[in-house]
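See below for the structure under consideration.
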Amino acid sequence: MNLGWSSPPLKNRPADELARGLASNYFTPAMCRTLSNSIAGLRFRVLRPTFRKILKKGAVEGFEPEPYLASVLNCMLWVFYGLPLVHPDSILVVTINSIGLSMELIYVIIYFIYAPAKKRTKVVVVFFLELLLVGVVVVVTLLCFHDTIKRSLLVGSIAVVFNALMYSSPLLIMGKVIKTKSVEYMPFLLSLTSFLNGSVWVIYALLRFDPYILSGNVLGTLAGLFQLIIYAIYYKSTPKNKDNRRNESGLELPTTQEQTRG
């Protein structure tokens, strides 16, 4: 069977080369850029009502800042990773994560303005620690490593670790969904965008064969897929009140009365 590339035959090709060939046959980096921008726009639509609610009520109520702060750190690391002095020819990584960083910073600022003193302190401390961590990574990378291969290895490995931590945070929500048999705290569109975003970056990583982007986003794709499966299982058992219908449509983020992801 010939899928459009030259020999060796399909069955004899290494798995990574086969996956890359399949990705390159149907996708291009430009297509990945368009898809990533579209998903970023959808994610903004998903999150916007949450912050409209905060602005309207003048309080953050049960919403928690951790997911947004985690995304800020994740985006900062990937922006640095995509710079030419670390990993050349990765402009898509820089542009998409710069957009994501800007969005998440807006969310954090809005949250900070309307949060009570205790939660404001948490935001300031965590954000300061994130800046400190990124600063240390930048200094060590530029001063101790003098070629892009070693710099890519260091920054990419660190970014993958925090990428995995960010993608694993929905496990708290999935546990709550299973316990309560309700998807009230797991918006569908947020789960869908997580799955789609991870999938697009997996394709991009295959096109460029970037192992750091690939490994981190395989986890993201699987996490998003598990969320969608859990949603499908417990959707019908969710109480059908007004607030839940809004959450199921993905137009609200969950509040945290116990310990859920905001």
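Note: Cβ is positioned from N, Cα and C throughout, glycine not excepted.
Among the features that TrEMBL reports, region 'Disordered' is placed at 241-262.
Distant neighbours of the transmembrane segment (67-85): 91-94, 97-98, 100-101, 104-105, 107-108, 111, 123, 126-127, 130, 133-134, 137-138, 141-142, 148, 151-152, 155-156, 158-159, 162-163, 165-166, 169, 212, 261-262; these residues of the same chain sit at least 6 beyond its ends, with a Cβ under 8 Å from one of its Cβ atoms. Feature annotation from TrEMBL assigns transmembrane segment to 67-85 (among others).
Annotated transmembrane segment per TrEMBL: 91-114 (among others), in sequence order.
Long-range Cβ contacts of the transmembrane segment (123-146) within its own chain (Cβ-Cβ under 8 Å, at least 6 residues beyond either end) map to 65-66, 69, 72-73, 76-77, 80, 85-86, 108, 111-112, 115, 154-155, 158. Residues annotated as transmembrane segment in TrEMBL: 123-146 (among others).
What TrEMBL lists as transmembrane segment is 152-173 (among others).
Feature annotation from TrEMBL assigns transmembrane segment to 185-207 (among others).
Residues 93, 156, 159-160, 163-164, 167-168, 170-171, 173-174, 177-178, 181-183, 186, 188, 191-199, 201-202, 204-206, 248 of the same chain lie 6 or more positions beyond the ends of the transmembrane segment (213-235) yet place their CB under 8 Å from a CB of it. Residues annotated as transmembrane segment in TrEMBL: 213-235 (among others).
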